[in-house]
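S.K.: This is the feature table in TrEMBL:
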type	residues	note
COMPBIAS	609-629	compositional bias 'Polar residues'
DOMAIN	552-602	domain 'Cationic amino acid transporter C-terminal'
REGION	606-629	region 'Disordered'
TRANSMEM	37-61	transmembrane segment
TRANSMEM	67-87	transmembrane segment
TRANSMEM	160-181	transmembrane segment
TRANSMEM	188-210	transmembrane segment
TRANSMEM	248-268	transmembrane segment
TRANSMEM	289-318	transmembrane segment
TRANSMEM	330-350	transmembrane segment
TRANSMEM	384-406	transmembrane segment
TRANSMEM	412-431	transmembrane segment
TRANSMEM	489-511	transmembrane segment
TRANSMEM	523-542	transmembrane segment
TRANSMEM	554-575	transmembrane segment
Amino acid sequence: MLLQFVHQFGQKLIRKWLLEPIDESERPVAHLNTLNLVNVGVGRMLIVGIYILAGALAKFIAGPATIISFLVVAMFSMLSGLCYAEFGAWVPRSGSTYFYSYVTMGQVYAFIIGWNSILLLVSGTAALARASSYIFDSLIGNHISQALQETFSLHLPYSLATYADFFALGLVLLMTGLRLLGARESILVTKISIGINILVLIFITITGFIKGDLHNWKLTEQDYKLNTSGSRDIYGLGRLGPLGSGGFAPFGFEGILQGTATCFYYFFGADVLATKGAEAINPHRSIPWSILITIFICFLAYSGVSVALTLMVPYYLIQPHNPLPQAILHSLWLPATYIMTIGTLCALIFRLHAAVFKMPTLIYTMAEDGLLFRVLTRIHVRTGIHVLALMSAANLAGIMALLFRFTDLVDLVSVGTLLIYSLVAFSILVLRYQPDQNLSKNENTEEEIEMPVPDEHLLDSEPEARNSNILKSLWFPISTIPTRKSGQIVYGCASLLVLLMIILSLILVQWSSQGFSGDSKYTRVAVLLLLLIIGVMVIIWRQPQNPIPLYFKVPALPVLPLVSILVNIYLMMQITSGTRAIFGIWNVIGFLIYFGYGIRHSLEENDEQQPPASTSQTLDKNTRSPESS
């Protein structure tokens, strides 16, 4: 009985969403070429908050070596982007990452991706509100922050801001109020925001190369003393203390890695392009190429800002809350300061406006599926707005904008992004080695429905021969196409690899904190773990791959997805412990909701009890907006 219960419970966790049959007349028309897709990708990925983050990264984390952090992020984001391209190719529909996960990997997997995508949307909106508050405050002489710090100072743990930012809260509530009144997302406003953003980026980059000084990348302690003459040196001698040790990489290799982990927030958006396969004219070329080109363009934009900023101002003099106008003012170009500030503020407000519109969509979708509370599916009769989904997301975003620092919000988005990237890479690793899957309802088979449990007497017979066959099948599979057994081997090996990579990442983090020197036990343990990882990876490589024709497949399987997972896990370890704690609490809450409510109320459970026609929830799952994740 216990085994049967565990088996049934496991089947609920991996239950997949079966695609509804779709008429040929309802299929989207392929009309997007590579250039169109790049425009979509840049509009999604080129985030305005770089104006604030570049200053914080340069002053406190990586110094002028911030450009190296962006380069590393761009390289490994391309690996994740290729995984996204194949992930989208597995499902012949437009949709979201959450929807694709539900179709290919199962319910609990989709819930994890969906729940953390909600965190990305909410904390990203809060980060935009906090950044807008900083810029507006600097425009009027920092009067808002001074008044709030005197009145609402937060003497709480470091993960919270130094003061409650009611202005940022007000911005979120204002945009939410406009949406509740029936305002619609404007394509024109989005285009204006992107245009202003690009113009500001070009302007600051050109200004940096004209007004910059290469000496600011070679700063020494003497330069610091000259720049702070007359003030009390609170940082001590020999090093600049919290401000690093000068030079191009004042915070060393560890600072570059921490900056890399934070920068991942600014390269999230490849999921939008991966979901455009049904609309692309030539998807096997345009999807992967548009992802790579988009990431490269964003790298040029982000690195241009960081280079310009650190060339114009010594990194330890950067004003982290409003770095770019202050950098221009430091370079004695006063007229451009106000233009830069106003342009930055407009771009941030427009982006915040768009972010508020996107927040409730995924919440509504998951509630409609029964994974979140059904009350969140309520729609306003007159405006057609997802009222409760919007209000719940807006309240959470407002509270986060009120209490959290901008850099902590960015770190929160980054760790969620890294987790989703890892889950997508894991999906590709598993899916490629599975037997043919039935994704449509009209292709269901008895074999998939019954899922028979092996006879216990059979399992007990000839254990030695059975063990010998299992070991032999690891290295010499008897079939040239995937079987259920080979798929289970890959699934188990991939899960084991993730565990080994987590342990290896923990070892590497401890080792790097000592400058990769010290006790040789780290070397021995790291080498042993690497050998184990390579051995398990070879077992996966020996298994037969599914020959299903896809418009794009990740090359060098299983190496590239595994490298992507390892890098993502290692960078997650670089995020501050306070941010990881908040991220852990968010996921604990999510699992409590899922196991306490979602697993019992999902539409799949309801479909077994009543015909689909008897419920109003059976909307077409195949036409969900890609923006929902």
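Quick reminder: no glycine exception, Cβ is built from N, Cα and C everywhere.
Just so you know, TrEMBL annotations are computer predictions that nobody has curated.
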S.K.: Could you tell me whether the transmembrane segment (188-210) and the transmembrane segment (248-268) are in contact, taking contact to mean 3+ Cβ pairs under 8 Å with a sequence separation of 6 or more?
M.R.: no
S.K.: Hey, does the transmembrane segment (384-406) touch the transmembrane segment (554-575), meaning at least 3 C-beta pairs closer than 8 angstroms, sequence gap 6 or more?
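M.R.: Contact criterion not met.
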S.K.: Mark yes when the transmembrane segment (523-542) and the transmembrane segment (289-318) have three or more Cβ pairs under 8 Å (sequence separation 6 or more) and no when they do not.
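M.R.: Checked: the transmembrane segment (289-318) vs the transmembrane segment (523-542), no contact.
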S.K.: Can we call the transmembrane segment (67-87) and the transmembrane segment (188-210) in contact, meaning three or more C-beta pairs below 8 angstroms at a sequence separation of 6+?
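M.R.: Output no: the transmembrane segment (67-87) is apart from the transmembrane segment (188-210).
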S.K.: I need to check the long-range neighbours of the transmembrane segment (37-61): which residues 6 or more away from its ends have a CB within less than 8 Å of a CB in the stretch?
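M.R.: Here the qualifying positions are 69, 127-128, 131, 134-135, 190, 193-194, 197-198, 200-201, 242-243, 251, 255, 258-259, 262-263, 265-270, 272-273, 276, 280, 286-287, 290-291, 293-295, 297-298, 301-302, 305-306, 309-310, 315-316, 318-324, 344, 347-348, 351, 406-407, 410.
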S.K.: In the same chain, who gets a Cβ under 8 Å from the transmembrane segment (489-511) while lying at least 6 residues past its ends?
M.R.: 422, 426, 429-430, 433-434, 473-474, 518, 522, 525-526, 529-530, 532-533, 536-537, 539-540, 543, 562, 565-566, 569-570, 572-574
S.K.: Mean pLDDT over the domain 'Cationic amino acid transporter C-terminal' (552-602): what is the value?
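M.R.: Averaging the confidence scores along the domain 'Cationic amino acid transporter C-terminal' (552-602) gives 91.
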S.K.: In the domain 'Cationic amino acid transporter C-terminal' (552-602), how many residues does DSSP put in helix, strand and coil?
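M.R.: So the counts come to 41 helix, 0 strand, 10 coil.
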S.K.: Under 8 Å between C-beta atoms and at least six residues away from its ends: which parts of the chain pack against the transmembrane segment (384-406)?
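M.R.: Long-range Cβ neighbours of the transmembrane segment (384-406): 49, 52-53, 56, 118, 121-123, 125-127, 129-131, 133-134, 154, 159-162, 164-166, 168-169, 171-173, 175-176, 179-180, 182, 321, 356, 359-361, 363-364, 367, 375-378, 412.
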